[in-house]
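Per Swiss-Prot, active site, nucleophile is recorded for Cys379. Residues or ranges marked as CTP binding site by Swiss-Prot on the basis of sequence analysis: Ser14, Asp147, Ile148, Glu149, Lys187, Thr188, Lys189, Pro190, Thr191, Gln192, Lys223. Feature annotation from Swiss-Prot assigns UTP binding site to Ser14, Lys187, Thr188, Lys189, Pro190, Thr191, Gln192, Lys223; the stated evidence is sequence analysis. Annotated ATP binding site per Swiss-Prot: Ser15, Leu16, Gly17, Lys18, Gly19, Ile20, Asp72, Lys239, Asp240, Val241, in sequence order. The Mg(2+) binding site feature in Swiss-Prot is assigned to Asp72, Glu140. The L-glutamine binding site annotation in Swiss-Prot covers Gly352, Leu380, Gly381, Met382, Gln383, Glu403, Arg470. Per Swiss-Prot, the feature domain 'Glutamine amidotransferase type-1' maps to 291-542; the stated evidence is sequence analysis. According to Swiss-Prot, the region 'Amidoligase domain' annotation covers 1-266.
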Amino acid sequence: MTTNYIFVTGGVVSSLGKGIAAASLAAILEARGLNVTMMKLDPYINVDPGTMSPIQHGEVFVTEDGAETDLDLGHYERFIRTKMSRRNNFTTGRIYSDVLRKERRGDYLGATVQVIPHITNAIKERIVAGGEGHDVVLVEIGGTVGDIESLPFLEAIRQLAVDIGREHALFMHLTLVPYMAAAGEVKTKPTQHSVKELLSIGIQPDILICRSDRAVPANERAKIALFCNVAEKAVISLKDVDSIYKIPGLLKSQGLDDYICKRFSLNVPEANLSEWEQVIYEEANPAGEVTIGMVGKYIELPDAYKSVIEALKHGGLKNRVTVNIKLIDSQDVETRGVEILKDLDAILIPGGFGYRGVEGKIATARFARENNIPYLGICLGMQVALIEFARNVVGMENANSTEFVPDCKYPVVALITEWRDEDGNVEVRTEKSDLGGTMRLGAQACQVSEDSLVRKMYGSTTITERHRHRYEVNNMLLKQIEAAGLRIAGRSGDDQLVEIIEVPNHPWFVACQFHPEFTSTPRDGHPLFAGFVKAASEYQKRQAK
């Protein structure tokens, strides 16, 4: 089957939810038996988001092959079964870097290197490579139509639609249709102007997704269709909903997938959305609720922990409970004390970098351990739990990580200095190495101890999880820590690195070096998060007695 492309753009304002809308459409097409993948093209100059501040950009989503990507790829994986890879996300910076490298090598044979055709050709090549082997590819263009940064991408997809034939390309434009309370009606003019901007670039949208806080009336959709030169049945109303998992059904009810399949001449079965209906039912009919405190340093922007937040919700679905997440700044724990952690049913410390707020996280881990509160530590959350145990149980005064105190007496967490690249070559890295692209990244095998709590949750002694870190447990001090009672519940496939720790005399204290949140989905959940939320429910019941 020839690969078909749906190019997704956004207009009027940012943060309309292009990623969610595109992923929801992909879920419907997948439910019709099509092999679907998605791509995100980001117009910023950074080569990837790996070194960008989470407060500015949100979380960095790590793929199985170790790419540091936009958080939208997390949405994609939560909505469709296809696993994303480094082919599914690239930036302006990556494109320019590749083109300039070719220019330095002389690949362009002395030609003047320009945005058109060299940059646009590079973009097209990456899109085609990312879509190979799939029936339908949804390509989301970051930013808003009208932004200078997006122009090379828009020109590239305009050209690509011509190259592959318009019978295999659709342009879907997401736009805002605001409701004006004073007039008592929605306004279509912003949408008309946004489409006009697209037309000036040479792109005629085939589908318009109209975002609004309410359903856009049929007469207004007809008006939009007339003035934007779009088929009336291709003007879709996408109102605000209380659950993003209702969006696939909302789009399907308006015949969006039928319209697309007809345009692409795809003779496929009707979509079966029963799995999504089950998710919606579980979300709407909880048997209880728990409150979980998440102690971090980027809490002013919840998107910095997007996958963790979603994974906690998925854990709630698997236990039929609503998970109320209380975001707590770790610096507040330092200044106000652990009293602010009271009345929580469980505590989670997610990943992070840098010393700010670390002592608050260490105090949090101690509070959870000493008060038998369920604890899940992820990445840095495992490292602070280890530091706390070393200080207060083993007796290693001022134990720390060399990330925070390079010359500390007890460096229980230290930099991994020898790494193997994707070709198997040994590469030495130090504190002076570049920050970008120099971490242990992607899916890594882990051997789980038979007698561990984690073994019961996973149901297996061999698991694979995604990583993003450059510091690890210092094996030189491990014997003393184990002798004091800490259980090493999981190690890397080569038995060299500690992956999971547990406190055996605690009802539920688990910490892992990997990031389980990246593989959690609403339909399948994740063993660790399901077990963690279950432990929170059980703790709540014990406290109520």
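Placed from the backbone N, Cα and C atoms, the Cβ positions cover glycine too.
Each of the binding-site residues Lys187, Lys189, Arg470 was assessed for Cβ neighbours inside 10 Å, and the highest tally belongs to Arg470. For Gly19 (ATP binding site) paired with Leu380 (L-glutamine binding site), the C-alpha to C-alpha distance reads 28 Å.
Taken residue by residue with DSSP, Thr191 (CTP binding site) is part of a helix.
A mean pLDDT of 92 is what the model gives for the domain 'Glutamine amidotransferase type-1' (291-542). A 10 Å cutoff on Cβ-Cβ distances gives Asp240 (ATP binding site) a total of 10 other Cβ atoms nearby, all chains included. In the structure shown, across all protein chains, Leu380 is the one of the recorded positions Ile148, Cys379, Leu380 with the greatest number of other Cβ atoms within 10 Å. Other C-beta atoms found within 10 angstroms of the C-beta of Gln192 (UTP binding site) number 16, with every protein chain shown included. In the three-state DSSP reading, Met382 (L-glutamine binding site) counts as helix.
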